[in-house]
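K.L.:
Sharing a structure with you now.
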Amino acid sequence: MLYIIGLGLGDEKDITLKGLEAIKKCDKVYMEAYTSLLSFGLSSNGLSNLENLYGKPIILADREMVEEKAHDFLSQAQLSHVAFLVVGDPFGATTHTDLVVRAKEMGIEVKIVHNASVMNAIGICGLQLYRYGETVSIPFFTETWRPDSFYEKIQQNRNLGLHTLCLLDIRVKEPTLESLCRGKKAYEPPRYMTINTAIEQLLEIAQAREDSTYTEDTECVGLARIGSEDQMVVAGTMKQLQLIDFGAPLHCLVITGKTHPLEEEMLNFYRCRT
């Protein structure tokens with residue numbers, strides 16, 4: 001049996017009772033550690049807090065393990081109960097859907113335990129969930145790679161008056177270019193995109209395209225550490241949000257579409273006063 005269990009967004013207490021009961025049944029517990037992180041994910045005692053609550057050791061599963069060596073722990077699930085823990089909800093990333101497909105192909109029974117994710121917790125900013133268009137991901141630019149394929153999606157959403165949730169890049173255990181060339185494993189330090197960097201890149205793309213889908217005066221909402229005790233929500237123009245220190249990761253950004261009166265009332269509580 002393979003249990004894929006959502007942990008929510010805040011801390012170890014966000015797990016559901018159903019999820020906790022499932023973990024206690026399992027012989028092995030893995031935790032996916034590259035598509036997101038809990039609010040304590042950068043602290044030294046974060047993992048031990050989870051282990052103390054569950055009463056079991058946790059094996060961190062990085063990208064390489066999940067995408068290239070999943071057969072190893074899926075084989076264990078053919079013979080015993082295995083838990084695979086996911087920050088947010090199990091279906092918040094395509095990687096996890098692929099894991100379900102592979103498990104079912106191996107004849108493994110899969111049980112899913114859902115939880116809160118950024119896709120619904122984003123409602124805290126006051127913009128109605130049914131008024132969002134397609135979600136986009138903003139990757140880090142490099143010297144030689146400056147992708148902008150998400151621009152058309154933002155443009156389509158804006159043309160329809162819909163809001164756009166921008167998920168910002170997370171780079172954990174990414175191989176260095178040198179290591180790829182030499183065939184030896186070496187990894188870049190972890191990087192988490194900030195709202196400031198995302199806006200800088202978005203404005204660079206708009207300027208290069210000479211298009212006014214959005215400008216530095218477009219209203220957005222910046223959110224940091226959603227679901228945690230110190231979550232931060234600020235509404236303002238791109239220009240205003242660029243000047244704000246949102247603190248520790250994870251960050252995300254909403255580019256607003258056409259707002260309704262009730263949405264405006266909620267945004268007023270979060271508006272930047274500078």
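Placed from the backbone N, Cα and C atoms, the Cβ positions cover glycine too.
According to TrEMBL, the domain 'Tetrapyrrole methylase' annotation covers 1-241. According to TrEMBL, the S-adenosyl-L-methionine binding site annotation covers Leu9, Asp89, Gly92, Ser117, Val118, Leu168, His251.
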K.L.:
Using a 10 Å radius around its CB, how many other CB atoms surround Ser117 (S-adenosyl-L-methionine binding site)?
P.N.:
22
K.L.:
Cβ-Cβ under 8 Å from His251 (S-adenosyl-L-methionine binding site), same chain, 6 or more residues apart: which ones?
P.N.:
Leu168, Tyr192, Met193, Thr194, Ile195, Ala198, Gly222, Leu223, Ala224
K.L.:
Using a Cβ-Cβ cut-off under 8 angstroms and a sequence gap of six or more, which residues of the chain neighbour Asp89 (S-adenosyl-L-methionine binding site)?
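P.N.:
Within the chain, Asp89 (S-adenosyl-L-methionine binding site) has Cβ neighbours under 8 Å at Gly6, His114, Asn115, Ala116, Ser117, Met119.
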K.L.:
When you tally the Cβ atoms that lie within 10 Å of each candidate's Cβ, which of the binding-site residues (Leu9, Val118, Leu168) has the highest tally?
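P.N.:
Top count of Cβ atoms within 10 Å goes to Leu9.
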K.L.:
Which whole number of Å gives the largest C-alpha distance between any two of Leu9, Asp89, Gly92, Ser117, Val118, Leu168, His251, the residues noted as binding S-adenosyl-L-methionine?
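P.N.:
It comes out at 17 Å between the most distant Cα atoms.
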K.L.:
Can you give the mean pLDDT for the domain 'Tetrapyrrole methylase' (1-241), rounded to a whole number?
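P.N.:
Summarising the domain 'Tetrapyrrole methylase' (1-241) by its mean pLDDT gives 89.
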K.L.:
Validating a neighbour-count step here. Other CB atoms within 10 A of the CB of Gly92 (S-adenosyl-L-methionine binding site): how many?
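P.N.:
Counting Cβ neighbours of Gly92 (S-adenosyl-L-methionine binding site) within 10 Å gives 20.
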